[in-house]
Amino acid sequence: MSQTRHVPVMLQRCLDLLAPALQDPAHPEPVVVDCTLGLGGHSEALLASFPTARLIALDRDKEALRLSGERLAPYGDRATLVHAVYDELPEVLARLGIPKVQGVLFDLGVSSMQLDEADRGFAYAQDAPLDMRMDQSTGMGAAEVLNTYPPGELVRILRAYGEEKQAKRIVSAVVREREKEPFSNSARLVELIRDALPQAAKRTGGNPAKRTFQALRIEVNGELSVLERAIPAAVDSLDVGGRIAVLSYHSLEDRLVKQVFAAGAANTAPPGLPVVPERYQPRLKQLTRGAELPTEQEVAENRRAAPARLRGAQRIRAEER
């Protein structure tokens, strides 16, 4: 896998959002966590831009850790790479003896490497085994989900995780076909979806298989349930003044991040209190007005940036003692 194809999304804006926390004189040796290391583009930029920072980088994909390890080797012991899912952040920090961090970055979704490696089965544009596991050493692949889940559960997944309006129609075709022969490769599924959808549904929203593949990937990797735990855990790990930046790539992820940040930025005091006790005051300050989008120029140069949505927040209050 050539690293030249890996272009970090909204890189400068992510660095700008995190910079005040990583250049704070109160923390001369700040700790920043890249929860989604991938090929290490954001991590490398963090290490280069903030020369006194220590980086903790997580990924569940062992191949990503190997490739990034080579890329980040020049930074020596400033970079600590950990094989972990990002909701394991509290355990990782505890193991490393790090009580609080100054910055956290999430770049959600599928890495360039996973999309570009045909045999991983993430991309619907090329035929490959239906796997889609980010950590190939554990769990159930996409083919097993398609071949074994009850029809009602498949419909739920396509609707909830793919926002697929034609879920019932697609699942009926899947069930009919899997009884003849179990699914193993992506091309057969793409063809089935194309045949199952009405003509009008094929005219909008790019490749007709896109939503189904997204739904299967989220189910296989437990992405939303992991994210539901990971974002609050990351906020908890932040020191006062620490900052978090999250890049998401579909509305389900972005909505979840939005809800966590909004809840953290809310005043939770009962109405009518003349003075608001500290425990009711906001823990977070939102740093972005809604979700920020990539520039037209960036999308023109890197089409994978097109669906990106960036949100940032700052920790402004410590935990109650």
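Including glycine, each Cβ sits where the backbone N, Cα and C put it.
In Swiss-Prot this protein carries:
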BINDING   GLY40, GLY41, HIS42, ASP59, LEU93, ASP107, GLN114  S-adenosyl-L-methionine binding site
REGION    292-321  region 'Disordered'
With an 8 Å cut-off on Cβ-Cβ distance and a minimum sequence separation of at least 6, pull the same-chain contacts of ASP59 (S-adenosyl-L-methionine binding site), or say none. THR36, LEU37, GLY38, LEU65, SER68, LEU81, VAL82, HIS83, ALA84
In the same chain, residues at least 6 away from the ends of the region 'Disordered' (292-321) whose Cβ sits under 8 Å of its Cβ atoms read 7, 9-10, 13-14, 17, 21, 112, 115, 235-236, 238-250, 254, 257-258, 261, 264-265, 278-279, 281-286
Count of other CB atoms lying within 10 Å of the CB belonging to LEU93 (S-adenosyl-L-methionine binding site): 20
Find, for the listed binding-site residues GLY40, GLY41, the residue with the lowest Cβ contact count at a 10 Å cut-off, counting only other Cβ atoms. GLY41
In terms of DSSP three-state secondary structure, what is the assignment for ASP59 (S-adenosyl-L-methionine binding site)? strand
Let's see if you can do this one: DSSP helix, strand and coil counts over the region 'Disordered' (292-321), in that order. 9 helix, 8 strand, 13 coil
